[in-house]
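Per TrEMBL, the features are as follows:
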TRANSMEM  20-41  transmembrane segment
TRANSMEM  53-75  transmembrane segment
TRANSMEM  95-121  transmembrane segment
TRANSMEM  142-162  transmembrane segment
TRANSMEM  182-203  transmembrane segment
TRANSMEM  284-309  transmembrane segment
TRANSMEM  329-359  transmembrane segment
TRANSMEM  379-400  transmembrane segment
TRANSMEM  420-439  transmembrane segment
Amino acid sequence: METDDVSVREQLFHNRVRETIICVLLFTCLYIVCYLILTHFKKTAEFVTGELWLCTFTLSVAVCAVLLLPISILSNEVLHSFPHSYYMQWLNGSLIHGLWNLVFLFSNLSLVFLMPFAYFFTESEGFAGSKKGVMARVYEAVVLLLLLALLVLGIVWVASALLHDNLARKSLYDLWEYYLPYLYSGISLFGVLLLLLCTPFGLSRMFSVTGSLLVKPRLLEDVEDTLSCTAFEEDYLSRKLNSSTASCWVKMNMEAMQKEYQAVHNKRLSLEMRRKASPWQRNLGYPLAMLTLLALTVMCVLMVCINVLELLLDEAALPRGMEDPHLGMASFSMFGSLGAAVQVLLILYLMVSSVVGFYSSPFFTGILPRSKDTNLTQIIANCMSLLILSSALPVFSRIIGITRFDLLGDFGRYNWLGNFYVVFLYNMMFAGLTSASLIKTFTWAVQRELIRAFGLHRLPLTMSRSTVPFRLLLASGLSKIH
């Protein structure tokens, strides 16, 4: 009997060591990738300091949060397909549950402590009268962080007293158990609302962003005309930069002109590459990409509509938490592994669309990172924004019914997830906003492309394009084709 207890303890120890090694390897790989990304956007003149390491850690946590649902869904399908495989014994519910708990812990740590400290340290210079140096900046940053923590704690306590009187009676010893999850619940709710606004806008913007990266058919784009205009602009800026008789104003703004010249030069090189594109790439790649985006977007809207019907018919469709995941028991999609792969693809597509919509919004275009021209304050703002969006992605995907994988750990403890009216209204707003954005985007896009294809964009502004008769449009189009 004692020998059996020892063997059980050894097995538990080896399992815990194996799970720790897997988590460390995964996070190390993501950390290296995120560090390379941040150094690509960081200003060249700035030195690598502690703030950059903290930003790298935060960005790594954000990427882990994005991968939580895809890893969980794919792990369940692998265990369901190979339930007795010796090589898949390391993939179990304990490992997946541990990943969810670690992401929740590190998200709290980054949002509440690390990122505010990094910002305060970047802006601090030390208290007046103190000796200047790194430690003086650390002291000031720590004091500001403590004051901010007290302020946020007070706000959370007042909010809990107004909304949940029994929660407000908890003592400060229950800070980690009650108040911090309550604070993160509010942050997650803000992230879910931000996804509600950014994702529909991003889904409509994906078509224009993808179209700008691909080579359009000749009917929709005149590359030769655009290339000649860009080359003329580049030559004008080059002569202006090399002119010895430039005005004082031009000399003072020489750096801005150099950046503009570099942008125009890169645009000309891109246009030259697009001109050399093969007919297959020009006439097949663009339509296939647009059809793929349209199919993914339509699937998202259809799944949301189906989820709305399920919410009306069955309360079990409401998102809920799951403490002990039994992976491999059944597939989370009625279409099996193919349906699970589609769910993973849609989750990643929604995340990319939300990021595109976030940076396309006029409120957040100012923090858009630029290669070798992003200061540390902007990097901190970008890392915090991406972490808020990514940490809300599992909750967002479960609310709108993209997947049936229930939330693990503390992600499923949010009180507002069980409110039928909140979840139902959220689904209806997402479906309505997405449909309205797509209709508007396609209407304006078709009109713009037809005007450009028929050459009507060269008409004088005093002439209304809506007054051009259809016969003229048809004749112009036929002449373009011939």
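Using the three backbone atoms N, Cα and C, a Cβ is placed for every residue, glycine included.
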Query raised in the report: Are there 3 or more C-beta pairs under 8 Å linking the transmembrane segment (182-203) with the transmembrane segment (420-439), counting only pairs at least 6 apart in sequence?
Result: yes
* Paired segments the transmembrane segment (329-359) and the transmembrane segment (182-203) in contact, 3+ CB pairs under 8 A -> yes
Tertiary contacts of the transmembrane segment (379-400), defined by C-beta under 8 angstroms and 6+ residue spacing from its ends, are 38, 41-42, 51-52, 55, 58-59, 61-63, 65-66, 68-69, 103, 107, 110-111, 115, 118-119, 122, 187-188, 190-192, 194-196, 198-199, 300, 303-304, 307, 319, 347, 350-351, 354-355, 358, 364, 367, 369, 406-407, 411, 414, 417, 423, 426-427, 430
Long-range CB partners for the transmembrane segment (182-203) (under 8 A, at least six residues beyond its ends), listed in sequence order, are 104, 107-108, 111-112, 152, 156, 159-160, 167, 297, 300, 350, 352-358, 360-361, 388-389, 391-393, 395-396, 399, 410-411, 413-416, 426, 429-430, 433-434, 436-438
